[in-house]
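> Pulled the feature table from Swiss-Prot, pasting it below:
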ACT_SITE  K66  active site, proton acceptor
BINDING   S15, L16, S17, T62, N88, D104, Y224  shikimate binding site
BINDING   G128, A129, G130, G131, A132, N151, R152, T153, E154, E155, R156, I222, G245  NADP(+) binding site
Amino acid sequence: MKQVFGVFGDPVGHSLSPAMHNAAFSALGMDCIYHAFRVTPEKLEKAILGAEAMGFGGINLTVPLKEKALKLDFVKPDPLAKRIGAVNTLVFGKKGDIQGYNTDGPGAKQALLDTGVEIRGSRMVVAGAGGAARAVAFQLAADGADITVINRTEERAVGLAREISAADLPGKIRGTGLSGLKELLRDADVLINTTTLGMHPNTDATIVTAEELHSGLTVFDIVYNPLETRLLREARTSGAKTISGVLMLVYQGAEAFRLWTGVEPPLELMKKTVLEALQA
């Protein structure tokens, strides 16, 4: 009997996780299948307990369920997920325990390392102050980066930075509004966009243009649809190094795969599968 895995969210029909994980299971000869399940916040508790009762191998969670899942009494988050305040991966233990993890931060970290970014001491500008920004900023602060969180609503950026500072991590962090972005980027090593600006169908939107970027910068956009966002095009024009959101998607998925199975996933195949799905 096949072991079932899946992603819960609403909406969830657009998810590339089923294609990515099913390709990995097939390549490794594992008798497993991964589905997308539409689950609304009010049904989340029943859905998780139902999945555990039916013997699911594990679950991914996406918008709008990550924060709500952390608050469920029976979900036991690891320290990083607890700090971030959200879980995106659930692992069902043999004794009925349900462990919660957040693989978004590790996924972003691996994407940066793969591109040759030295995280410790790097001056990083993180655009956005939502759930993705929290996951990325907590991870990078834990790894010793010097971070400035920028957001249209300055209070949110300042609040997030204050919260991360209170965790007493090796990195430095501050928050600000958008007004000083040009000056910040002049001295920055990395710009990470964690907002939805530029995501399909609003593909002409961008947080900055080529004039505000420079060739010494690495620009990382976590948006992966379209494959090359306007921000990444602007970065390429300026001579900056670019990182596609596909890498973070694949690496966070690969980390979930390891947590569920204890098996090393076929990363190149997962990446190829996602790229083919986006180009279809």
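For all residues, glycine too, the Cβ spot is worked out from N, Cα and C.
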> Measuring Cα to Cα, how many angstrom lie between S15 (shikimate binding site) and G245 (NADP(+) binding site)?
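Their Cα atoms are separated by 14 Å.
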> Take the mean position of the Cβ atoms of S15, L16, S17, T62, N88, D104, Y224, the recorded shikimate site. Which other residues of that chain put their Cβ within 8 Å of it?
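Here the nearby residues are V7, N60, L249, Q252, G253.
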> Rank aside, I only need the closest one: which of the recorded positions K66, A132, R152, E154, G245 has its C-alpha nearest to that of L16 (shikimate binding site)?
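It is G245, whose Cα lies nearest.
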> Let me make sure I understand the structure: which of the recorded positions listed (K66, R152, R156) has the fewest other Cβ atoms within 10 A of its Cβ?
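So among K66, R152, R156, the recorded positions given, the one with the fewest Cβ atoms within 10 Å is R152.
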> Report, as a single number, how many Cβ atoms besides its own are within 10 Å of the Cβ of G130 (NADP(+) binding site).
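There are 14 such Cβ atoms around G130 (NADP(+) binding site).
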> Just to confirm: which same-chain residues, 6+ apart in sequence, have a Cβ under 8 Å from the Cβ of G128 (NADP(+) binding site)?
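Listed in sequence order, they are V149, N151, N193, T194, T195.
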> In sequence order, what residues of the same chain, 6+ apart, have a Cβ less than 8 Å from the Cβ of S17 (shikimate binding site)?
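Spatial neighbours, sequence-distant, of S17 (shikimate binding site): V7, Y34, A36, N60, G253.
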> Measure the Cβ-based neighbour count of G245 (NADP(+) binding site), defined as the other Cβ atoms within 10 Å of its Cβ.
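If we count other Cβ atoms within 10 Å of G245 (NADP(+) binding site), we arrive at 26.
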> DSSP on T62 (shikimate binding site), three-state: which is it?
coil
> What Cα-Cα separation, expressed in whole Å, is found between G245 (NADP(+) binding site) and T62 (shikimate binding site)?
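For G245 (NADP(+) binding site) versus T62 (shikimate binding site), the Cα atoms are 16 Å apart.
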> Identify, among the binding-site residues D104, E154, the residue whose Cβ has the fewest other Cβ atoms within 10 Å in this structure.
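Per-residue Cβ counts within 10 Å for the binding-site residues D104, E154 bottom out at E154.
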> Among the binding-site residues N88, E154, Y224, whose Cα is within 10 A of the Cα of K66 (active site, proton acceptor)?
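The binding-site residues close to K66 (active site, proton acceptor) (Cα within 10 Å), listed in sequence order, are N88.
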> Among S15, L16, S17, T62, N88, D104, Y224, recorded shikimate binders, what is the largest CA to CA distance in Å?
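Greatest Cα separation within the listed binding residues comes to 18 Å.
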